[in-house]
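To keep things clear, I will list the structure first and then write my remarks on it.
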Amino acid sequence: MADQLTDDQIAEFKEAFSLFDKDGDGCITTKELGTVMRSLGQNPTEAELQDMINEVDADGNGTIDFPEFLNLMARKMKDTDSEEELKEAFRVFDKDQNGFISAAELRHVMTNLGEKLTDEEVDEMIREADVDGDGQINYEEFVKVMMAK
């Protein structure tokens, strides 16, 4: 499954993995998964976190290592009912729920994920996605960016 990913995708997932893997030991624990999900405004129970880990924990050691994480991401990318997931992700970014992601909202979420971005980097991300040039990202633009990944 993971062998269908491009080098770019793998590099991107490695970066995402290291955001989860707070102590850098090469494994994501339920605690680390919970921390990241809470920073994204989710509030999973301990049981839900354990279920998520069990779903991809191929070797049964109770944590997710990078190959297991890659398999999860490859499966999620094949998941065609991702419309709901995209809407959910958009809502996480669109803090004031006005239908647009502003530079401030983007910076806020990225900071919560542990990504310290300069104003220039945030503006660049907005510019890349901002098809109609209004300085913010609407849902259609968001979907385009997410599907291009």
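Each Cβ is built from the backbone N, Cα and C atoms, and glycine gets one as well.
If you look up Swiss-Prot, you'll see ASP21, ASP23, ASP25, CYS27, GLU32 marked as Ca(2+) 1 binding site. Cβ neighbour count for ASP23 (Ca(2+) 1 binding site) (all protein chains, 10 Å cutoff from its Cβ): 9. DSSP assigns ASP23 (Ca(2+) 1 binding site) to coil, not to a helix or a strand.
Summarising the annotation, Swiss-Prot assigns Ca(2+) 2 binding site to ASP57, ASP59, ASN61, THR63, GLU68. For ASN61 (Ca(2+) 2 binding site), the number of other Cβ atoms no farther than 10 Å from its own Cβ, over all displayed protein chains, is 11.
Per Swiss-Prot, Ca(2+) 3 binding site is recorded for ASP94, ASP96, ASN98, GLU105. Counting only residues at least six positions away in the same chain, the Cβ atoms of PHE100, ILE101, GLU105 sit under 8 Å from the Cβ of ASP94 (Ca(2+) 3 binding site).
As annotated by Swiss-Prot, Ca(2+) 4 binding site applies to ASP130, ASP132, ASP134, GLN136, GLU141, with the evidence given as sequence analysis. Long-range Cβ neighbours of GLN136 (Ca(2+) 4 binding site) (same chain, at least 6 residues apart, Cβ-Cβ under 8 Å): PHE100, ILE101, SER102, ALA103, ILE126, ASP130. DSSP assigns GLN136 (Ca(2+) 4 binding site) to coil in the three-state reduction, placing it in neither a helix nor a strand.
The domain 'EF-hand 1' annotation in Swiss-Prot covers 8-43 and rests on sequence analysis.
The domain 'EF-hand 2' annotation in Swiss-Prot covers 44-79 and is backed by sequence analysis. Only residues 6 or more beyond the boundaries of the domain 'EF-hand 2' (44-79), in the same chain, are considered here, and those with a CB under 8 A from a CB of the stretch are 1-2, 4-5, 9-10, 13-14, 16-17, 20, 26-30, 33-34, 37-38, 85.
Positions annotated as domain 'EF-hand 3' by Swiss-Prot: 81-116. Away from its own ends, the domain 'EF-hand 3' (81-116) comes close to residues 19, 36, 39-41, 122-123, 125-126, 134-139, 142-143, 146 of its chain (Cβ-Cβ under 8 Å, at least six residues beyond either end).
Marked as domain 'EF-hand 4' by Swiss-Prot: 117-149. For the domain 'EF-hand 4' (117-149), the list of distant contacts is 9, 12, 86-87, 89-90, 93, 99-103, 106-107, 110-111: same-chain residues at least six beyond its ends, Cβ to Cβ under 8 Å.
The N-acetylalanine annotation in Swiss-Prot covers ALA2 and rests on similarity to another entry.
The N6,N6,N6-trimethyllysine annotation in Swiss-Prot covers LYS116. Under the DSSP three-state reduction, LYS116 (N6,N6,N6-trimethyllysine) is assigned to coil, being neither helix nor strand. In sequence order, MET110 are the residues near LYS116 (N6,N6,N6-trimethyllysine), counting only same-chain partners six or more apart with C-beta under 8 A.
Spatially, by CA atoms, the binding-site residues ASP59, ASN61, ASP96, ASP132, ASP134 include one closest to GLU32 (Ca(2+) 1 binding site), and that is ASN61. When Cα-Cα distances from ASN61 (Ca(2+) 2 binding site) are compared across the binding-site residues ASP23, ASP132, GLU141, the shortest belongs to ASP23.
Per-residue pLDDT, averaged along the domain 'EF-hand 3' (81-116), amounts to 87 for this model. Here the candidates are the binding-site residues ASP132, ASP134, GLU141. The one whose C-alpha lies nearest to that of ASP25 (Ca(2+) 1 binding site) is GLU141.
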